[in-house]
Amino acid sequence: MGPNLQRIVLVFIACFGIFTSVVLAKTDSQDVSALNDAYKSMNSPSKLKGWSSSGGDPCGDSWDGITCKGSSVTEIKVSGRGLSGSLGYQLGNLKSLTYLDVSKNNLNGNLPYQLPDKLTYLDGSENDFNGNVPYSVSLMNDLSYLNLGRNNLNGELSDMFQKLPKLETIDLSSNQLTGKLPQSFANLTGLKTLHLQENQFKGSINALRDLPQIDDVNVANNQFTGWIPNELKNIGNLETGGNKWSSGRAPSPPPGTRHIDRNSSGGGGGSSKALTLGVIIAVSSIGGLILFAGLIALISRRKNSNDSSHFFDDEKGTNRSKPLFTPQSSQMLQFDNMEEFKNQKTVDSNTSLETKPSVKRTSSVSFKNSPTFHLIPSTQVAATPDRSSTSQDSPDTRGVKAFSLADLQNTASCFSPNRLLGEGTIGRVYKAKFQDGRKFAVKEIDSSLLGKGNPEEFSHIVSSISSIHHKNMAELVGYCSEQGRNMLVYEYFTSGSLHRFLHLSDDFSKPLTWNTRIRIALGTAKAIEYLHETCSPPLVHKNIKSSNILLDNELNPRLSDYGLANFHHRTSQNLGVGYNAPECTDPSAYTQKSDVYSFGVVMLELLTGRKPYDSGRPKAEQSLVRWAKPQLKDMDTLDEMVDPALCGLYAPESVSSFADIVSICVMTEPGLRPPVSNVVEALKRLV
């Protein structure tokens with residue numbers, strides 16, 4: 001081999017080596033973007049050596065605290081670095097991350113709602129995080145260590161621990177968590193350590209009774225009641241002080257309850273099995289005798305009374321003066337999970353019977369396919385009035401003007417077709433113009449949706465809507481209820497709706513810049529936040545779509561059609577093709593998280609300029625969510641999704657962050673969608 005050839009070979013080998021090292025070191029683009037976002041959200045701390053707010057190679061350049069496997073980030077260890085700010089909203093993109101330790105910093109805000117589902121170790125302790133434990137924890141099937149102690153977490157824990165068999169340690173101590181322990185704690189068969197001290201938990205700790213490996217429990221300084229299970233009294237460490245435990249002997253567990261004998265060797269010999277079976281049979285027999293005796297006593301009591309065995313007089317259809325049984329004075333008997341009793345009420349001077357579906361399982365006694373009974377102080381009923389109720393009190397409509405039917409007919413040309421602005425599931429909307437130049441939008445409610453037997457229902461609706469005031473809500477001006485016709489009068493917006501700007505073809509309808517779109521999204525989110533978190537009781541909109549987002553002269557959003565959710569139960573029409581969340585097979589299934597999904601679809605419209613459902617497109621692209629969802633996390637295809645009307649005039653980082661917010665809003669599982677307050681905070685960062 002000649003010298004020239006040798007030189008060429010050496011150069012080739014050197015170049016190949018350099019090329020190979022670069023290829024191997026190149027970090028996955030989604031991982032880079034997620035770390036860039038986290039770095040910016042933490043206020044770009046100089047203490048994190050090598051980190052960058054844009055681009056970079058975390059794996060190849062060995063960013064501080066980052067461990068990789070191949071081109072994927074697998075570990076983040078940045079404990080005790082004095083970090084501030086938040087963690088951003090893209091950590092869920094780190095698909096290979098198994099270890100996350102951000103403890104002992106000054107991080108604040110909500111924890112990312114979507115965390116990597118391959119985490120085995122999660123430590124966010126000793127920070128200033130608020131909000132709640134992210135529901136995405138429920139998807140971490142390999143998680144063994146969870147420590148979010150010594151923060152400012154608040155609210156009730158979601159029932160999300162069903163599928164975490166490898167979880168050995170939970171530390172949620174020194175927060176402001178409330179409510180009862182999730183029943184799914186009983187599924188944590190691998191749990192060894194549980195620290196819940198210094199919170200505001202209440203109820204019993206019976207869910208911990210049969211955990212086979214539990215050896216360290218600290219529930220001190222909460223508001224727990226009931227008895228400490230005997231099964232926990234023999235574990236290695238048990239701290240229970242500062243609660244409201246019951247005194248005296250604890251009641252026996254119900255028949256059939258699984259019992260964990262912590263003093264046995266685990267062999268499970270035949271004698272112990274026989275003893276356990278004997279105990280179960282004995283307890284069951286005694287329970288059966290007691291139940292039988294109770295039934296006899298009840299039958300005897302009923303025979304000695306004049307009351308029927310029904311809640312209502314079957315012949316006259318009137319309520320009985322006495323309830324089926326009388327609980328303590330000033331308490332309410334509530335039936336949960338019993339649709340058949342939905343409208344039945346018995347009234348007594350000391351007690352009331354309310355029947356409604358249960359949102360949370362708070363049952364004290366429950367039977368499969370049967371109602372659940374609770375005793376709740378009746379004062380709670382008055383403390384949380386229902387806006388949709390039709391009480392005997394006269395509705396307050398003093399804040400709005402009562403228009404005559406003649407006035408509205410004159411100003412709307414007798415509701416002629418040329419004054420028709422639109423038609424929805426509830427009724428038609430007309431434009432009304434008064435002689436003094438004032439313009440209003442008049443919404444006539446479909447008469448079939450108003451119960452004829454309750455003439456005051458419309459007045460209650462007016463009273464409810466007139467009490468809602470927010471700068472991003474379309475204001476109710478007045479109403480009309482004459483000759484069987486019921487109308488709501490709103491302020492009129494000459495700019496029309498967001499739907500008009502995004503989806504109509506004329507040039508006038510496409511002036512929305514990217515910054516304007518973000519501002520529209522933020523204003524709408526604030527309006528929804530007002531309904532969900534400020535109104536008392538909270539309201540669900542149930543019909544969020546771009547045609548219900550009106551724009552004023554400065555293109556500020558005004559959410560309309562609020563306060564009418566009760567009507568959506570009475571119509572079989574689709575509330576908005578492409579907007580409905582997957583769980584909403586009918587209008588009654590809507591929740592606040594369904595509103596978040598619908599708003600996510602509106603954000604997709606702002607991002608892409610496409611309709612939520614477009615039958616004119618190829619089949620794979622007709623459903624906006626189905627088409628866009630897989631591409632929202634792909635940096636290479638995201639630019640191709642953006643509305644062509646923007647002509648490329650936007651910051652890629654802003655679009656990427658906007659897409660991340662959209663992706664968690666349109667999650668299929670309702671529990672994985674963020675509360676709208678989280679969405680508001682995320683959008684604020686983009687303005």
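Yeah, the Cβs are placed from backbone N, Cα and C, and that goes for glycine too.
Summarising the annotation, Swiss-Prot assigns signal peptide to 1-25.
Positions annotated as topological domain 'Extracellular' by Swiss-Prot, on the basis of sequence analysis: 26-278.
Looking only at the repeat 'LRR 1' (96-118), the predicted model's pLDDT averages out at 92. Annotation comment: Swiss-Prot describes 96-118 as repeat 'LRR 1'.
Sequence annotations record features per position, and here Swiss-Prot assigns repeat 'LRR 3' to 142-165. Listed as Cβ neighbours of the repeat 'LRR 3' (142-165) (distance under 8 Å, sequence separation of 6 or more from its ends, same chain) are residues 98, 103, 111, 118-133, 135, 171-185, 187-190, 195, 361, 671.
If you look at the repeat 'LRR 4' (166-189), the same-chain residues 6 or more away from its ends with a CB under 8 A from one of its CBs are 120, 125, 132-133, 141-160, 195-205, 207-213, 218, 361-362. Annotation source Swiss-Prot lists repeat 'LRR 4' at 166-189.
Sequence-distant contacts of the repeat 'LRR 6' (213-235) (same chain, six or more residues past either end, CB-CB distance under 8 Å): 168, 173, 189-206, 241-246, 250-251, 259-260, 262-263. Residues or ranges marked as repeat 'LRR 6' by Swiss-Prot: 213-235.
Sequence annotations record features per position, and here Swiss-Prot assigns region 'Disordered' to 239-269 (among others).
For 300-687, the entry in Swiss-Prot reads topological domain 'Cytoplasmic', with the evidence type sequence analysis.
Residues annotated as region 'Disordered' in Swiss-Prot: 310-329 (among others).
What Swiss-Prot records for 344-365 (among others) is region 'Disordered'.
As annotated by Swiss-Prot, region 'Disordered' applies to 378-398 (among others).
Marked as domain 'Protein kinase' by Swiss-Prot: 415-686.
For Gly427 (ATP binding site), other Cβ atoms within 10 Å of its Cβ number 21. For Leu421, Gly422, Glu423, Gly424, Thr425, Ile426, Gly427, Arg428, Val429, Lys443, the entry in Swiss-Prot reads ATP binding site.
Report note: the ATP site is defined by Leu421, Gly422, Glu423, Gly424, Thr425, Ile426, Gly427, Arg428, Val429, Lys443, and the residues of the same chain whose CB lies within 8 Å of the CB centroid of those residues, excluding them, are Glu444.
Neighbour counts of Cβ atoms within 10 Å were compared across the binding-site residues Leu421, Val429; the minimum falls on Leu421.
In the three-state DSSP scheme, Val429 (ATP binding site) is classed as strand. Least crowded of the binding-site residues (Glu423, Thr425), judged by neighbouring Cβ atoms within 10 Å of its own Cβ: Glu423. DSSP assignment over the repeat 'LRR 4' (166-189) gives 5 helix, 8 strand, 11 coil. Binding-site extent for ATP: residues Leu421, Gly422, Glu423, Gly424, Thr425, Ile426, Gly427, Arg428, Val429, Lys443, maximum pairwise Cα distance 14 Å (rounded to the nearest whole number).
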